[in-house]
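A.B. asks: The structure follows.
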């Protein structure tokens, strides 16, 4: 009897493990291959060799680019080099990327930048919020952009018990923001188990010096986050659920769910065109390839443009896609004056004229 029971339990465990593996592969789009969509006027951005995970463009055409992310389980092309923030002026005829100098006193050696967001105050001061992972922790670094000498003045480091595994932020004030925690755990083994078991423990947190609180939960992996031009809605990409959530923002900073747009790809960071309200997102057609790191079968790239997301039937257009021969692991796409920047988790960056 005992042997029969043991065999039954082993069989049940094996069946559950197989079901979880299948679900995990589906969340990663493990069998998808991308059909190419080419853009004619593109070039790789010189100087960006180790990632361009997130990009934020000011209304005047200055683009901030985070580079050098080291993320658990993912490849890094410069594992021993600190992260950097680059600047590009998209008004120039041939824009170039230049590294921004960061003020003394900031720990550059452990700088590991992830998502970024800018905020322009009433006096035109530009603040740059940078998700940082020093020593496998999560902080948000607040900088002031010093345009006269193209540098960043570090103002403060933000830590909080609710900011556990921060992926991205969207600034809503000079010292306040919404942040996505892409996992409950940050340790890679526990993070993998969380993904494998399909736990929906990821969330969104609102932070200000006076109040910190969870404002949305129940995501497989809340990733990119941004805000509508009218500041009424917050957009959240759940990368492993293949969708974008629209949340209404209230006066008390709480969020309520409005709708979910389902996609057939893994949407990473979200950028919003301030003129049209269109959402642009860098996507991973097949997330499994990000983790396998096979040089003969690299992760592909994909860029989507989402128009009229509040409509009953939003328009989703594949603007760019390729098999990884040019760009590997696209994480962001953003536009300014018919110029498109496409960034990656750990690879190069692309500049295109539309």
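Keep in mind that glycine also has a Cβ here, set from the backbone N, Cα and C atoms.
I grabbed these lines from Swiss-Prot:
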CARBOHYD  29  N-linked glycosylation site
DISULFID  42-352  disulfide bond
BINDING   53, 167, 223, 268, 269  Ca(2+) 1 binding site
BINDING   54, 116, 168  Ca(2+) 2 binding site
ACT_SITE  114  active site, proton acceptor
CARBOHYD  254  N-linked glycosylation site
CARBOHYD  269  N-linked glycosylation site
CARBOHYD  323  N-linked glycosylation site
A.B. asks: Between the disulfide-bonded residues 42, 352, whose Cβ has more other Cβ atoms within 10 Å than any of the rest?
C.D. replies: 352
A.B. asks: Among the recorded positions 29, 42, 254, 323, 352, report those whose Cα falls within 10 Å of that of residue 223 (Ca(2+) 1 binding site); none is a fine answer.
C.D. replies: none
A.B. asks: Let me know the most crowded of the recorded positions, choosing from 29, 167 and counting other Cβ atoms within 10 Å.
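C.D. replies: Most Cβ neighbours within 10 Å: 167.
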A.B. asks: Using a 10 Å radius around each Cβ and all protein chains in view, which of these recorded positions has the most neighbours: 223, 254, 269, 323?
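C.D. replies: Of the recorded positions 223, 254, 269, 323, the most buried by Cβ count within 10 Å is 269.
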A.B. asks: Please report the distance from the Cα of residue 42 (disulfide bond) to the Cα of residue 269 (Ca(2+) 1 binding site), rounded to the nearest angstrom.
C.D. replies: 21
A.B. asks: Report, in whole Å, the straight Cα-to-Cα distance of residue 269 (Ca(2+) 1 binding site) from residue 116 (Ca(2+) 2 binding site).
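C.D. replies: Roughly 10 Å, rounded to the nearest whole number.
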A.B. asks: Should any of the recorded positions 29, 54, 168, 254, 323 have a Cα within 10 Å of the Cα of residue 269 (Ca(2+) 1 binding site), which are they?
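C.D. replies: Near residue 269 (Ca(2+) 1 binding site) by Cα: 54, 168.
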A.B. asks: Going by C-alpha positions, which of the recorded positions (53, 168, 323) is nearest residue 254 (N-linked glycosylation site)?
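C.D. replies: Closest candidate to residue 254 (N-linked glycosylation site), judged by Cα separation, is 168.
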A.B. asks: Of 29, 168, 352, which is closest to residue 53 (Ca(2+) 1 binding site) if I measure between C-alpha atoms? They're all recorded positions.
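C.D. replies: Nearest candidate: 168.
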A.B. asks: What is the nearest of the recorded positions 29, 167, 352 to residue 323 (N-linked glycosylation site), using the Cα of each?
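C.D. replies: Nearest in space to residue 323 (N-linked glycosylation site), counting only the recorded positions, is 29.
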A.B. asks: Same chain, not part of 54, 116, 168: whose C-beta falls within 8 angstroms of the C-beta centre of the Ca(2+) 2 site? Give them in sequence order.
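C.D. replies: Other same-chain residues near the Ca(2+) 2 site: 53, 55, 56, 66, 114, 115, 117, 130, 131, 169, 224, 269, 332.
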A.B. asks: Hey, what's the Cβ neighbour count for residue 114 (active site, proton acceptor) at 10 Å?
C.D. replies: 26
A.B. asks: Cβ distance under 8 Å to residue 54 (Ca(2+) 2 binding site), same chain, sequence separation 6 or more: which residues?
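C.D. replies: Sequence-distant Cβ neighbours: 65, 66, 113, 114, 115, 116, 168, 269, 331, 332, 343.
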A.B. asks: If I take the Cα of residue 29 (N-linked glycosylation site) as reference, which of the recorded positions 167, 268, 352 has the closest Cα?
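C.D. replies: Nearest listed residue in space: 268.
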